[in-house]
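Reading through the structure tokens given below for one structure.
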Amino acid sequence: MSLLQRVTSFESLSPERFSPERGQSPAGSRDRKLSFSPLPESWSPPAAEVESQAIGAFEVSRTKRILQVFTAVIYCLFAAGIVFGYAAIKPVLIREHVYRDLCTKKELEEGVRTCYDQEIHLNLMFTVAAVGTNVAALPIGAILDNLGPRVCGLIGSGLLAAGALLFSFAWQLPFDGFIPGYLLLALGGPFVFISSFQLSNTFPKHSGLILALLTGAFDSSSAVFLIYRIVYQWTNEAFTPKRFFLAYLIVPALIFVVQFFYMPRASYKTVGELVKQVEDAGTNGYDDQVDENTALLREEHRNRRQSVISEITDLLGSKSGGKHLKKEEQKNAISGVWGAMHGKTVSQQILSPWFVLITLFTVIQMTRINFFVATIRPQYEYLLGSYEAAVEINTFFDVALPLGGILSIPFIGLVLDNTSTTFVLSALVTIATTIGVLGVLPYSWAAYSNICLFVLYRPFYYTAVSDYSAKVFGFRTFGTVYGLIICLAGLFNFSQSGLDALLHKVFNGNPVPVNLILLGSAFLVGIALCTFVGIKAYTLKRDLLIDEAEDAREVVMPGAMSPERL
């Protein structure tokens, strides 16, 4: 997961540095809107067309907006990222003999819990879903920006329904329905999740809380399969996957219905767009007309204008959004790298070390994360030498994964907003290295410590990458650059099948060599990334001080112009 967790409605207020060569000004940049589309601006519809579709939150009743946010949190809780609960549903699929027919006669006679081909195909199901989730960010951004959140919600509900149906009847189909079914469930989640981000603008003063609720719902959605596995065990396996996924159809049906009844057809306006509306409302088109008829029109226009300004001011807390702008500027200054690649073309950004290093780091870390999720039980069965101990570790992980995402949300925001990007990246590398070391130790305490760190690190890592992309590359190309990072990382996850082959065939189930390979590569790339960003942050700070010194005006001491008075 990733999917733009650190994007806030206030980021559209952060002006880029003034550049006379580009003909920009800070004022002109204030109403820029962060685009989720991966397509460059030149391929997107004109800004006027997009803005005309957006709606101001003050135009919708408070009750309806609260209902919209509440509904989005609920269906994100049940749909946004359920496929990441794979570690919880995998034991159920094994009990239901999914891909058991791929085992050889000898393996069946020996009574192995899972054979090699069965393990590979089960993990491939999760790998394809994880890749699909990340690659889906590319088309979803374009659809959201051009067709609106309602269309995204409808597409998401359709994909979820198709996935649930395909998975329900996969046992009876003449072809493999498990992999495409799980993939469709994976694709449906981002459509409903990403399209819900714009709801943070329903209450701009509380956008951080709304985004936290949506993000928490995403992280908690992996518990859906955990709850199902518990029910499956309580009913002595009577509540089969077919019954569960048929019952799950209630979720996409709910999403489909609410899209037409009260969910927004278009995205809500950002703070920058609302501020611009206040400024536009201050103009009066009747000032040069003095007849009696136009005087009445002018009075009516003035009353309507004052009403709009009052409602927007109530939403923002002020007309200018100055507090929010100042807050964002402080966070940008703390980061040390904000604006490093702003104003550059997409090709220049993609070819820069800023992009190459963060992409390599993301590729390796995402592969490590998904490999661990898919193979946690066989890894600890080998390390601890006990199947029962591995089951206990797996159960603890299933519970800790959604809880870790929720508990880490407030701390992630504090770290990213109050520390430099160099510090954040260094923390990521340090924690990832610690996790790697704990992951090769054959002790129960190391296993539990590893999981606790892992579930806290996972959301921190994904959020930090999107935060890095926004600060370094800017909002104008965010969709393109960040979408490409996640897409490449997702595609590289197909290498997980090769890691599975190494684990089971080459190293005979011993996870230590594979984990050491991943640990070593992540450490080397991480050190290179931190070193580069640290040097660049120092250079940017130095250049900024030089520019400020050169632009400073000479101040004459009092009396210096009249020495006779001294």
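Numbers run from 1 along the shown chain.
Every residue gets a Cβ built from N, Cα and C, even glycine.
Features of the protein shown, as given by TrEMBL:
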COMPBIAS  1-12  compositional bias 'Polar residues'
REGION    1-45  region 'Disordered'
TRANSMEM  69-89  transmembrane segment
TRANSMEM  124-144  transmembrane segment
TRANSMEM  151-171  transmembrane segment
TRANSMEM  177-197  transmembrane segment
TRANSMEM  209-232  transmembrane segment
TRANSMEM  244-262  transmembrane segment
TRANSMEM  354-376  transmembrane segment
TRANSMEM  396-416  transmembrane segment
TRANSMEM  423-441  transmembrane segment
TRANSMEM  477-494  transmembrane segment
TRANSMEM  514-535  transmembrane segment
Establish whether the number of Cβ pairs under 8 Å between the transmembrane segment (124-144) and the transmembrane segment (396-416) reaches at least three, counting only pairs separated by 6 or more residues.
no
Please give the sequence-distant neighbours of the transmembrane segment (514-535): residues at least 6 beyond its ends with Cβ less than 8 Å from one of its Cβ atoms.
337, 353-354, 357-358, 360-361, 364-365, 367-368, 371, 379, 421-422, 425-426, 428-429, 432-433, 436-437, 439-440, 499, 502-503, 507
Test the contact criterion for the transmembrane segment (477-494) and the transmembrane segment (354-376): 3 or more CB pairs under 8 Å, pairs 6 or more apart in sequence, then answer yes or no.
yes
Counting only pairs 6 or more apart in sequence, are there at least 3 Cβ pairs under 8 Å between the transmembrane segment (177-197) and the transmembrane segment (69-89)?
yes
Restricting to the same chain and to residues at least six past its boundaries, which positions have a Cβ under 8 Å from a Cβ of the transmembrane segment (244-262)?
64, 67-68, 71, 75, 78-79, 150, 153-154, 156-158, 160-161, 164-165, 167-168, 188, 192, 228, 231-232
Between 151-171, 354-376, 396-416, who has the most Cβ pairs under 8 Å to the transmembrane segment (209-232)?
396-416
Hey, which bits of the same chain come close to the transmembrane segment (151-171), Cβ under 8 Å, at least six residues off its ends?
79, 96, 140, 143-144, 177-178, 180-192, 194-195, 241-242, 245-246, 248-249, 251-253, 255-256, 259, 263
